[in-house]
Amino acid sequence: MRTIVLFSTLMILVLSCMSNATVKSYSEEKTHSFDLTANPPIDLNIVDELPRDEHLGVSHADNVIGFCQECAHHCLQRKRVLGECRWFTCHCSRITIGVGL
């Protein structure tokens, strides 16, 4: 009987500490703001950062996500990083990908 009481008391203490820790971590996550007005985007000079539009040829994509996947594949074939993909316009960055490991 004594071990049951001791075990249940210990279990209650552990569970209460765990619940306090999870509430604290949840409240910290809520304080992070993803609002663009609070965190303005980085001001990049896009003319210098991105070259001209990349022409992918015939695109078989039905939506923007599929088009951007084709854009990323196109940039990787040219050993470049995907710069920007918006409104069915593909830009590969000027940054090249290293060939060897």
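Cβ atoms are placed via backbone N, Cα and C, with glycine included.
Feature annotations, courtesy of Swiss-Prot:
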type	residues	note
SIGNAL	1-21	signal peptide
DISULFID	Cys68-Cys85	disulfide bond
DISULFID	Cys71-Cys90	disulfide bond
DISULFID	Cys75-Cys92	disulfide bond
**OP:** By Cβ count within 10 Å, point out the most packed of the disulfide-bonded residues listed: Cys75, Cys85, Cys92.
**Re:** Cys92
Subject >> Greatest C-beta neighbour count within 10 angstroms, which of the disulfide-bonded residues Cys71, Cys90 >> reply: Cys71
Original post:
At the Cα level, what's the spacing in Å between Cys71 (disulfide bond) and Cys92 (disulfide bond), rounded?
Top reply: 8
Original post:
Does DSSP put Cys68 (disulfide bond) in a helix, in a strand, or in coil?
Top reply: helix
